[in-house]
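S.K.: Take a look at the following structure, please.
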Amino acid sequence: MTTDGPPSEGADGARDPDALVARAGKRADTRQDQHFLIDDRVLDRIPGYADQMDRSHVLEVGAGPGALTDRLLAVADRVTAIERDPDFAAHLREEFADAIDADRLTIVEGDALDVDLPEFSASVSNLPYGASSEIAFRLLPRGKPLVLMFQQEFAERMAADPGSDDYGRLSVTAGHYADVEIVETVPPTAFDPQPRVDSAIVRLRPREPDYSVPDDDFFMDFLKGVFTQRRKTMRNAVRNTAHITDLGDPDAVVDAADESLMGKRAGELSPATFAALATLAYETGRPGEY
Ligand SMILES: C[S@@+](CC[C@H](N)C(=O)[O-])C[C@H]1O[C@@H](n2cnc3c(N)ncnc32)[C@H](O)[C@@H]1O
């Protein structure tokens, strides 16, 4: 679904996003990824993408002037909003003083990459694109449902299937934690100031993978290694993992692995195949560990 045209009236009782930006009294700083959603139709739809989720405590990362915070407060029991910019954090405390007094909203002023995250039941956020990958991979291991806005190109890589051009480490690692679904494409006109790229809203439903990995950190490092040289065959790509993982003997892994698999490229293999290969690497390529 794509939206276009001018912003329209928001849901009953919702604060006007332009008025929120004006009341914040501060110009957006695009170097801080400050692109604010001003399209009421998009803002009204976002909570709906989380309607099957537990909304007892919703985490919003990068609340800005608070247009999404306002929509989330309408559907959630409790919201925690993280915002790094002290001016916007002060504005949020003032704008939503009633919800804060009623213990329904907590404003955390700080960097979402550093602050302690609360025990949230779901996260719904229009992420700062410069840190969206790091933030997403802080949230994903918590195993909670997420509705997150990303750059469209990033979202497509996240949701890609094996064999497609977009399929890569991001697709495997995101898919390790969640089922990934692009639910809406959002054009630059929905934001002020407008970003140069299209955006996409992604729903991530936590999943238990139907495969096991030897160790999460080893698996992530192994994927980093094999995808660094994605055009090479797995035979060479596995050798390339040695300097990233603590894999002492990559040749032992290549020798022990299925030969036809070693002739393929990383972009052709499923997450389950990577997991099996990482397990083999963990068990045969780390002399002294076994
Ligand atoms: C894309 S804007 C979204 C604002 C608002 N949620 C909206 O939809 O209009 C991202 C917000 O994240 C904030 N931000 C940027 N980097 C951050 C970080 N590392 N931690 C927390 N907030 C951050 C920016 O100040 C900005 O307000």
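Each Cβ is built from the backbone N, Cα and C atoms, and glycine gets one as well.
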S.K.: Please state which member of GLU83, GLU94, GLU153 TrEMBL lists alongside HIS35, LEU37, GLY62, ASP111, ASN126 for binding S-adenosyl-L-methionine.
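M.R.: When TrEMBL describes the S-adenosyl-L-methionine site, the candidate it includes is GLU83.
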S.K.: Counting Cβ atoms within 10 Å across all protein chains shown, which of the binding-site residues GLU83, ASP111 comes out on top?
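M.R.: Compared across GLU83, ASP111, the most Cβ atoms within 10 Å surround GLU83.
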S.K.: Cβ-Cβ under 8 Å from HIS35 (S-adenosyl-L-methionine binding site), same chain, 6 or more residues apart: which ones?
M.R.: ALA28, TYR129, PHE191, ASP192, PRO193, GLN194, PRO195
S.K.: Determine the most Cβ-crowded residue among the binding-site residues LEU37, GLY62, ASN126, using a 10 Å radius around each Cβ and all protein chains in the structure.
M.R.: ASN126
S.K.: Whole number in angstrom, please: the longest C-alpha to C-alpha distance across HIS35, LEU37, GLY62, GLU83, ASP111, ASN126 for S-adenosyl-L-methionine.
M.R.: 20
